[in-house]
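Asker: Have a look at the structure that comes next, please.
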Amino acid sequence: MTTPSLSSILRHTRPIFKETLRAARPTLQNALPNGFRIASESKDGDTCTVGVWIDAGSRWETEKNNGVAHFLEHMNFKGTGKRSRQDIEFGMEKMGAHLNAYTSREHTCYYVKCFKKDVPEAVDILADILLNSKRTEQDLDAERQTIVQEKEDVEARIDEVLMDHLHSAAFEGSGLGLSILGPLENIQKSITKGMIDDFVKTHYTGPRMALVGSGAVDHGQLCDLASKYFGALPTGQPKPSGFTRFLGGDKRETNQLNPLTHVAVAFQTPGISHPDAIKIKVLEQLLGSYSRDKGEAAYSCFARAIVMDFYDPKVGQFFRPNKAGHNPIHSLNAFWAPYSDVGLLGFYAIAEPGKSYGHEWENILHYAMRELIRVSRNISEEEFERAKNQLKLQTMLQLDGTTNIADDIGRQVLSFGARVPLASFFEQLDAISREDLIRVGPRVLLRQGPRGGGDWRHGQRARVRRPAGGDLLRGPLSCPLCTPLPRQSVVCMA
């Protein structure tokens, strides 16, 4: 008996799927006179997520105050004029609620998961910690060691460190090139109460904040609460709109204690609000991922290229696992990191050094680049439809739960000014043709820019000593197969 493909199943169920999407509750949105926005998606039930999303992250920092947005997140839980830290914690426990926050490169979010009846008190606490936090010098000094410990935990994760290096190489000299936690010197000494207060004054303004609700929420009630607690926020200065300059290059850090090689390669793309953004989402899904631990029966381009024999006429050899069945590539995953004005599309690979299909580990880059170039020029109808269907499924899965929905609403309201209905997103996705992707792929992956990593075969590399171990190498990456990498690219290795 033949098992039908995922594409054929979804093709036949598409009409029913569209009706289900049309029946979904709409996202309601209003704004206060000061620009503060309120957005919500309600559904039947007893629980919900309410939170405040703020257009303020590490990209709006400088090298001098790098880390201040994340430091502020910690300080806002230390107490206000009418609530101590213990009062805030007790208030959450009394409601059976959960208070949390996160800081990213572009956004900061504070949210509460609670019962419907407790929404007014939850918003009261959120407004209090955001607008009335005391942020004393004593609390500031006490929190430094906590953040240092958090930084040590993050730096123990190679993937986190590598992605920070990737952003630093791609966007050096701009806010997107800065890490979220900031350097150790800033955390331990440089960040002051004055810096934090200035950051709040500049970025915590009406037009850059939104109250978001998802689940058992009443939109009218949220509007009243927003007017009560956030109506007096200043409009502030317009958000900076400076162009983020993509530089490219490569960074490498040697760690003899790590038995595996981690490699990340990325290319400049348009930002999340660009008309081609949805096509880049499909391209990311098309490339997909491969994991040796999950087996090799996968359908993504990366997975199939690793599993199948891959012959390179230039080298005259097959690139495949050796006869003993040992595959040196542990994983190969595509990613897209989009921001408001720019993005990074690329892949992250983990492999055993010196064992990459009989060549040096740098051949992972060359091998993966061949697949990137192939899909940017020649995509079959089957893999194209599969990628679109998988993107639909992935999008639906990411919207599971009130917190995920609230986060989606908050980020879209800050990025686009409104949330795109899921049905509209799927209609846009269905309208994309294979030719559209073939048009966008080369423009992203093969573009020639004024700066970047240059040809892999040529150029000098500057050596910079890092105090915490290893050498950090900057400059063009040499490739033993002598294949150029597009200039608008960035390479990081650890």
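Every residue, even glycine, has its Cβ placed from backbone N, Cα and C.
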Asker: Select one of Glu150, Glu152, Glu155: the residue that Swiss-Prot places in the Zn(2+) site alongside His70, His74.
Answerer: Glu150
Asker: Can you give me the residues near the recorded Zn(2+) site, meaning same chain, not His70, His74, Glu150 themselves, Cβ no more than 8 Å from the center of the site's Cβ atoms?
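Answerer: Close Cβ neighbours, site residues excluded: Gly67, Phe71, Glu73, Thr103, Glu143, Thr146, Ile147, Leu181.
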Asker: Which one, from the binding-site residues His70, His74, has the smallest tally of other C-beta atoms lying within 10 Å of its C-beta?
Answerer: His74
Asker: Take the C-alpha atoms of Glu150 (Zn(2+) binding site) and Glu73 (active site, proton acceptor) and report the distance between them in angstrom, rounded.
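Answerer: Cα-Cα, rounded: 13 Å.
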Asker: Please name the residue among the recorded positions Glu73, Glu150 whose C-beta has the most neighbouring C-beta atoms within 10 angstroms.
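Answerer: Result of the Cβ crowding comparison: Glu73.
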